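> Below is the structure I would like to discuss, written out as C-alpha cells.
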Amino acid sequence: MPSPKARSSAARSGSAPCAGGNGRYEFISLNRTPPPHLLQRQGSDPTAARLRASESPSRRRGSGSSTSSTGGQQLPEEDCMKLNPSIVGIALSSLLAIDLWLSKRLGVCACEDASWGSMRPLMKLVEISGHGIPWLAGAAYCLYKSDSAAGQEVMLNLLMALVLDLVLVGVMKAVVRRRRPAQNRMDMFATFSVDGYSFPSGHATRAAMCARFLLAHLVLAAPLRVLVLLWATFVGFSRVLLGRHHVTDVAFGFLMGYWQYNLVEMLWLSPAMLQSTIGQLQ
C-alpha cells in the first residue's frame with residue numbers, strides 16, 4: 001500500500017498508479033513509455049503504443065491545424081466555395097448556361113444525322129456566301145474592272161473594310177479564345193488558325209458590315225434592299241444551325257459589324273487621297 005506522500009507526489013508528477021501482477025502498485029507516467037508487461041497485457045503492439053504515447057494532445061492539435069492551414073493554401077481557387085457570389089457573376093453564369101442550352105437546341109444541321117441534316121448542304125452554301133475569301137476576291141475584281149472614279153472609290157473602301165474586318169475579328173478571337181460548340185464539325189471552307197475559336201462570329205460581323213455598306217453606297221430597288229437584309233440575317237442564323245457558333249457569338253458579331261461600318265466611314269479613302277498618299281511614300 002503506497003503512502004500518502006507517494007500518492008501526492010504521483011498526482012503532482014501527472015502519473016497514475018496501476019496494480020501489477022504481484023499485488024503492488026506501479027506508477028506509469030503519461031509522457032513515458034509504459035512497461036513491457038503492461039503492453040503485452042493489453043495486447044497492443046509496443047511500437048504503435050510507444051508512438052501513441054509520444055504524441056501529446058497539444059501536438060496532435062497543432063499538427064491538425066497546420067495541415068488544415070497548409071491544405072487551404074494549396075487548394076486551387078476554382079475549387080473553393082464562394083459563399084457570397086456577386087449578382088453580376090450569377091447573371092453571367094445564367095446567361096452562359098442559357099446560351100449553351102439554346103445553341104445546342106438550335107444546332108439542327110450540325111451533322112447529317114441531326115433533325116434537319118438534309119438541309120446541311122444548303123446551309124454550307126450560305127456559309128460560303130458569307131466567307132471572307134469570296135468577298136475579298138469579288139471586291140478586288142470589281143475594283144480592277146471599274147471604269148468610273150466613283151465605282152473605284154466604293155470598291156476600294158469595301159476592300160479596306162473587308163481587310164479591317166478580318167483583322168479585328170482575328171484579334172478578338174485570339175484574345176477571348178472561346179471554343180466552338182461541342183456539336184460543331186470542323187469541315188469549314190478555308191479555315192485559318194484563329195478559326196478554331198468561336199467568339200465572335202466572323203460571318204456575322206462581315207454580313208452586318210457589308211449589308212450596311214451596300215445599302216448606303218449602292219442604288220438598289222426596294223426588293224433588292226430587303227434581299228440584302230434577309231441574306232445578312234440568314235448568314236448569321238446559319239452559323240447557329242450548323243453548330244459553328246453559339247447564339248451570343250452571332251449576336252455580338254452583328255453588333256460588331258454594325259460598329260465596324262461606322263469606323264469605315266471615319267477612315268473613308270478617296271482616289272485622290274490614295275494617290276497623294278502613294279506619291280508621298282514614293
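Yeah, the Cβs are placed from backbone N, Cα and C, and that goes for glycine too.
Below, the features straight out of TrEMBL:
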COMPBIAS  1-19  compositional bias 'Low complexity'
REGION    1-20  region 'Disordered'
REGION    25-78  region 'Disordered'
COMPBIAS  63-72  compositional bias 'Low complexity'
TRANSMEM  154-176  transmembrane segment
DOMAIN    154-265  domain 'Phosphatidic acid phosphatase type 2/haloperoxidase'
TRANSMEM  213-238  transmembrane segment
TRANSMEM  250-269  transmembrane segment
> How many of the residues that make up the domain 'Phosphatidic acid phosphatase type 2/haloperoxidase' (154-265) does DSSP mark as helix, as strand and as coil?
82 helix, 2 strand, 28 coil
> Take the transmembrane segment (154-176) and find every residue of the same chain, 6 or more past its ends, with a Cβ under 8 Å from one of its Cβ atoms.
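That would be 132, 135-136, 139-140, 142-143, 146, 192, 194-195, 197-200, 202, 205-206, 209-210, 213, 217-218, 256-257, 260-261, 263-264, 267-269, 271, 274.
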> So what pLDDT does the domain 'Phosphatidic acid phosphatase type 2/haloperoxidase' (154-265) average out to?
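When the pLDDT values over the domain 'Phosphatidic acid phosphatase type 2/haloperoxidase' (154-265) are averaged, the result is 91.
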